[in-house]
Ligand SMILES: Nc1nc2c(ncn2[C@@H]2O[C@H](COP(=O)(O)OP(=O)(O)OP(=O)(O)O)[C@@H](O)[C@H]2O)c(=O)[nH]1
Ligand SMILES: O=C([O-])CC(=O)C(=O)O
Ligand SMILES: [Mn+2]
């Protein structure tokens, strides 16, 4: 096929690919959506400059002061388009039963018909970008490719930061390699002569996944996980379905490398729900002497067993899309150094009078700001200057603690898996599981208070299996069973040990009982020592939990009774969890594996004996 048959691709341009399926799809989408022009994104610096200049002219971006934040930009979104929209997110599997009780489902034929209507003419007045990308190292034997078609320049520049995007990915596609189709529109066509708004989007939103077809279609939102389709949509929802079929794991996990005083490396993967501390832990600065940490990923891990029987993890991403509020030079200096290096897109933070950015929790005490809604803000203002889910989008390569092996297609062998949520009560600072099956039970029943990362009531507790509830591409019962089966088929000696952590337990007055952040290295040290058989822990009804005396608290300036409280296993509090877990298991239904039910019965017995 020649490029001339792609409507909108100018006659003098030729499509930079011979991939027949890709060209056919591009033509089909262009015919349906009727953009003014079609552009293949190459990921070059020249393209970045052109698109960021365009976004500045359009009012979407403000260029930040280059002395403070080189080559960096601030975007203020439409106030209705600030987070993932779980209520508008669908898993359109062929059979409703395969989507399971945690997902919205619509019959795929019906959903495609709805979307076809919405996409008809949806890109009028806009440019349609064809964005080839690769999740995970380009050097992988079987690179995981995708192409996002989008009418948002904001998405193109963000995808360049977050994924291996452009010519290199297009070359990997060759003429016939399979790829995930990821179609996106902000859903705001422009009539002839109609002026654009800085943040086009639609009141109608659909974030849809067709797991059997390995396809994503997203309409109406320009923000984060709704629009950067390589991230949650591909690397978790679609990839979790691939992983289930192919015997691997696609997880909502950071990947961290710990280096002990003896210079031994330990790789840890940790699943916490959105806005519960993954990015912070991924970039931890240990406070205990002799320990160092390096970063491999802050949000997503793909894990598969190696020939040696160990579980290896790679991070499919290329950048960090981190929560800004609370990030500062003391809580997360490495994130600060990463963004200070420039080349960063900030969304919904506040603008200072000297062209820098500010958010709640950042150092400095500005008198005056432009807040995330574009209004004047001063210290008397009642509204927050930055949206609680405001984000920075920044290249991983700028992270000062980046592990040298971050781009290795082999991945890194995982020694420990951490699950953790945000719980004010009940859940101890750290608990070691009895074995893999018990660890899977912990993950399957983990719970957390709702945060601002998705729409919904902040603070209410929900069950969130392995922090995957918004990101499962199939039935939650089948997912938990997949975890059980991987353990059954593995060499138990080589499986990572599973731990449950909670940095967020609180005292009566609402204060955090544990200082968290860099001090979490003390918990990590205990975990590593448990792996080495070199630390004590108490056997409790919920698993092995250290006493305050069993973790290294040297030099820590906190009330020791607070540490005791953070580690307490209160049997009466745990008994109150039982009906909640019961309810959760009923909700999952028949597909819940029997091994997990056995663990529940055993827990009940231990709590009552
Ligand atoms: N008290 C306490 N707060 C923490 C700790 N670690 C992170 N936080 C806070 O939790 C919030 C979210 O932290 P992040 O590290 O950005 O969370 P995340 O899991 O990466 O979130 P997503 O990017 O949405 O998936 C921030 O406000 C942090 O300041 C901790 O150890 N203790
Ligand atoms: O997906 C997003 O918009 C941001 C994110 O990382 C999350 O919410 O977990
Ligand atoms: Mn994060």
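Keep in mind that glycine also has a Cβ here, set from the backbone N, Cα and C atoms.
Predicted automatically and left uncurated, TrEMBL annotations should be read as such.
Not measured: the values here are computed from a predicted model.
Copied over from TrEMBL:
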- 25-244: domain 'Phosphoenolpyruvate carboxykinase GTP-utilising N-terminal' (DOMAIN)
- 84, 223, 224, 225, 274, 389, 390, 391: substrate binding site (BINDING)
- 232, 252, 299: Mn(2+) binding site (BINDING)
- 248-606: domain 'Phosphoenolpyruvate carboxykinase C-terminal P-loop' (DOMAIN)
- 275, 276, 277, 278, 279, 280, 391, 422, 517, 518, 519, 520: GTP binding site (BINDING)
- 276: active site (ACT_SITE)
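Each residue in 225, 231, 235, 236, 274, 300, 471 lies on the same chain as 232, 252, 299 and has a C-beta within 8 Å of the C-beta centroid of that Mn(2+) site, without being one of the site residues.
The predicted model assigns the domain 'Phosphoenolpyruvate carboxykinase C-terminal P-loop' (248-606) a mean pLDDT of 96. Checking the binding-site residues 252, 279, 389, 390, 519 against ligand 2, not one has its Cβ under 6 Å from it. Residues 279, 299, taken from the binding-site residues 279, 299, 391, 517, are distinguished by a CB atom under 6 angstroms from ligand 3. Neighbouring residues of the recorded substrate site, listed in sequence order and excluding 84, 223, 224, 225, 274, 389, 390, 391, comprise 82, 83, 321, 347, 453 (Cβ within 8 Å of the Cβ centroid). The binding-site residues near ligand 1, defined by a Cβ under 6 Å from one of its atoms, are 275, 279, chosen from 252, 275, 279.
Proximity note: of the listed recorded positions (84, 276, 517), none has a CA within 10 Å of the CA of residue 299 (Mn(2+) binding site).
Taking the Cβ of residue 389 (substrate binding site) as reference, residues of its chain lying under 8 Å away and at least six apart in sequence are, in sequence order, 82, 83, 224, 275, 323, 348, 452, 453. Ranking the binding-site residues 223, 517 by C-beta neighbours within 10 Å puts 223 at the top.
Just so you know, the Cβ of residue 390 (substrate binding site) picks up 27 other Cβ atoms within 10 Å once every protein chain is counted. Long-range neighbours of residue 519 (GTP binding site) (same chain, six or more residues apart, CB within less than 8 Å of its CB): 287, 556. Proximity to residue 225 (substrate binding site), defined by a C-alpha to C-alpha distance within 10 angstroms, is shown by the following recorded positions from 232, 252, 276, 277, 279, 517: 232. Residue 391 (substrate binding site) is surrounded by 26 other CB atoms, counting those within 10 A of its CB over all protein chains shown. The secondary structure of residue 390 (substrate binding site), as reduced to three states from DSSP, is coil rather than helix or strand. Around residue 232 (Mn(2+) binding site), the C-beta neighbours below 8 angstroms that are at least 6 residues distant in the chain are 84, 225, 470, 471. Taking CA atoms as the reference points, residue 391 (substrate binding site) and residue 279 (GTP binding site) are 12 Å apart. Under the DSSP three-state reduction, residue 84 (substrate binding site) is assigned to strand.
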